[in-house]
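A.B. asks: What TrEMBL lists as CoA binding site is Arg196, Gly197, Gly198, Lys199, Thr315, Ser528. Annotation source TrEMBL lists ATP binding site at Gly391, Glu392, Pro393, Asp415, Thr416, Trp417, Trp418, Gln419, Thr420, Asp505, Arg520, Arg531. Residues or ranges marked as Mg(2+) binding site in TrEMBL: Val542, His544, Val547. According to TrEMBL, the domain 'Acetyl-coenzyme A synthetase N-terminal' annotation covers 32-87. Positions annotated as domain 'AMP-dependent synthetase/ligase' by TrEMBL: 91-474. Positions annotated as domain 'AMP-binding enzyme C-terminal' by TrEMBL: 536-617. Here TrEMBL flags Lys617 as N6-acetyllysine.
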Amino acid sequence: MSHTIESILTENRVFPPSEAFKAQATINDAKYQELKDKAETDYVGFWSDLAREKLSWSKDFSVGLDDSKAPFYKWFTDGELNASYNCIDRHLEEKEYKNAIIFEADDGSTETYTYKDLHDEVCRLANALVAKGVEKGDRVIIYMPMIPQAVFAMQACARIGAIHSIVFGGFSAEALKDRIEDAGAKMVITADGGFRGGKTVALKNAVDEALEKGGRSVESVIVYERTKQAVKMKAGRDITWNDAIAGMSNYHHAVMVNAEHPLFLLYTSGSTGKPKGIQHSTGGYLLNAHLTNEWVFDLKNDDVFWCTADVGWITGHTYVAYGPLSMGMTIVMFEGVPTYPDAGRFWKVCQDHAVTVFYTAPTAIRALMKFGSDLPKQYDLSKLRLLGTVGEPINPEAWIWYHDVIGRGECPIVDTWWQTETGAHMIAPLPGVTALKPGSCTKPLPGIDAHIVDEEGTELTHGEGGYLVIRKPWPSMVRTIWNDDARFVETYFAMFKNKYYVVGDSAHLDTDGNFWIMGRIDDVLNVSGHRLGTMEIESALVSHPAVVEAAVVGRPHDVKGEAIAAFVVLSNNLNEAAEKAAMVQELREWVAKEIGPIAKPDEIRFGTNLPKTRSGKIMRRLLRGIAKGEDLCGDTSTLEDPTILAQFMEKH
Ligand code: PRX
């Protein structure tokens, strides 16, 4: 299977929407034109009208966009609303008994929660948080498995105006501690553990470890008993979920907050060692979350929407917890993994819950495709009407398989390009309008002013490649990096002197105006759709006592998109193969402990020094070449010591 840029660039198959899909689509050609025209002639009015039409406000706003402190943009500034009210309460009159969440556990058992159930669960927990002293503006860390209680926790925070920050359950105690400390969290909501692929995974232990090492701001920990495994409960600090909500009312009056009040922080990797706390607003974020579910997923009242992302990532925020619920949809939540008990699990879940719209990552499609087409054919996938992908470019081969085998050759595939920072889809097809090209995320959504520019910031026309940038601010954009305004400006706006939001990806425009994402321009890796900083992994490696220096690069990988290759200099050289193999193991475990298993290097190579220029700069280009298995006979004359390349050619 080829996953190269070349294979994407030579792709020229086009899939226009079928007449049948077009006829029922919420956004058809006429509506699309109307939205685009309005966005062009009255940009702020375009977003303001949509904000009033789609969201419920307790206080209307008089200012659409405040750009007086650009690039710290504010939207709907003097308006007030509550995200949880918008996701739950306003649906109750008509949808009290409609399913909000269909949950399938790892072991196949299922639970359903109607909008009324969701309301009651969220209100009880909101009251429990208040009873524990959590106030508007306080930060709450959520470290949970993929179970409905994770969504209840998010909604409960939003309901009282507390700012949640979810830490993916696969991150280690160390990573959790860093995030708790950066956010200055008052509370942690966690579970004893979770179930994945028939195994029990511990979570509470990591919270204990994180709080032993630091995180002094945390006053209380709520523990949902999921696995019933033995955990330590610290008196005065820890309380079980059931004890916390015992006797709490199922009514809570949602606290209305300013549109700019932070709804959540989500930590993501950048080019430096320290993950950054991406801060999202309430009003602007919710607007784009709502709209993109309506426009891109074409969600209608009868749809059953399954986004497979964990709530620990932005995709789980916007397309599990907030967007579809804001629209009053039924969502599926799945606790397990795609290959347990076998690689037909995703398709079985789609069949059993009559999923109509399915959204997953290319890495999952590539992994499942390896098991062949017979497995999905054993399930009734006839209810599916739309498919989506996110997180990385999808190679045309995987696109075609997804389209033909999962989508019966009929379902449109929306390849959605966006980021933690953008809050919601930015460049994506409108399935009733856009002609699809496998491997392209197609065109910017109405109101999204995306361009490709060269080094000087000159906007490039069709057919060229360069830096992907967004010119005009949009409602769901990142507001700042928590505690670090300077880094916010530096990371996203400095490159072109505040004229553009700089995405960090390079892209190419074809002659039809379709965008093709080529990859990151910075030191960020995309491993199985997960974003990891090379510096973050390097810092973890260097913190091991035996490591003097380390450099990490990505290399193409058939299933994961990118794999992690680490080049390490040890304080004491190892000569024996067995010693080296043991050290590789030790360092992989070390990284898992420092960051999480997702950051474990796929391969580690040892040398006596890193390849550096005479001025001391690490030559990452060469390391990338070695990792890819390229023959490096090329010009290495600028290297301080050319002999060390040979050492790194050896794999362990
Ligand atoms: O490089 C792009 C890639 O994922 C990055 C954003 O990662 P993260 O903030 O973790 O959010 C992932 C889920 C939205 C982007 O800068 N990326 C995301 N979607 C696509 C993509 N690359 C190509 N095609 C996509 N559809």
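Keep in mind that glycine also has a Cβ here, set from the backbone N, Cα and C atoms.
Note: TrEMBL annotation is automatic and uncurated.
Note that this is a predicted model, so its numbers are computed, not measured.
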A.B. asks: Report the binding-site residues (Gly391, Thr420, Arg520, Ser528) that meet this criterion: Cβ distance to the nearest atom of ligand 1 under 6 Å. Use sequence order and write none if nothing qualifies.
C.D. replies: Gly391, Thr420, Arg520
A.B. asks: Give the residue from the binding-site residues Lys199, His544 that has the most other Cβ atoms within 10 Å of its Cβ, counting over every protein chain displayed.
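C.D. replies: Per the Cβ count, the most surrounded site is His544.
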A.B. asks: Under a criterion of Cβ-Cβ distance under 8 Å and sequence separation of at least 6, what residues of the same chain contact Gly197 (CoA binding site)?
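C.D. replies: For Gly197 (CoA binding site), the qualifying residues are Asp106, Gly336, Val337, Thr339, Tyr340.
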A.B. asks: Would you list, in sequence order, the residues of this chain other than Val542, His544, Val547 that have their CB within 8 A of the centroid of the site's CB atoms, where the site is the one recorded for Mg(2+)?
C.D. replies: Ala540, Leu541, Ser543, Pro545, Ala546, Val548, Ala550, Val568, Leu587, Trp590
A.B. asks: To which of the binding-site residues Thr315, Thr416, Thr420 does the lowest count of other Cβ atoms within 10 Å belong?
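C.D. replies: Minimum Cβ neighbour count within 10 Å, taken over the binding-site residues Thr315, Thr416, Thr420, occurs at Thr420.
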A.B. asks: Which residue counts does DSSP yield for the domain 'AMP-binding enzyme C-terminal' (536-617) in the helix, strand and coil classes, in that order?
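C.D. replies: Summed over the domain 'AMP-binding enzyme C-terminal' (536-617), the classes give 28 helix, 28 strand, 26 coil.
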A.B. asks: According to DSSP, folded down to helix, strand and coil, what is Arg520 (ATP binding site)?
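C.D. replies: DSSP assigns Arg520 (ATP binding site) to strand.
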A.B. asks: When a 10 Å sphere is centred on the Cβ of the residue listed as 'N6-acetyllysine', how many other Cβ atoms does it contain?
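C.D. replies: A count of 12.
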A.B. asks: May I have the DSSP-based helix, strand and coil counts for the residues of the domain 'Acetyl-coenzyme A synthetase N-terminal' (32-87)?
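C.D. replies: Counting residues by DSSP class gives 27 helix, 7 strand, 22 coil.
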A.B. asks: Neighbour count, 10 Å Cβ-Cβ cut-off, for Pro393 (ATP binding site): what number do you get?
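C.D. replies: Within a 10 Å radius of the Cβ of Pro393 (ATP binding site) lie 25 other Cβ atoms.
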A.B. asks: Just how spread out is the CoA site if you go by the largest Cα to Cα distance in Å among Arg196, Gly197, Gly198, Lys199, Thr315, Ser528?
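C.D. replies: Site span for CoA, by Cα atoms: 25 Å.
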A.B. asks: Given Ser528 (CoA binding site) and Gly391 (ATP binding site), what distance in Å do their CA atoms have, once rounded to a whole number?
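C.D. replies: Gly391 (ATP binding site) has its Cα 8 Å from the Cα of Ser528 (CoA binding site).
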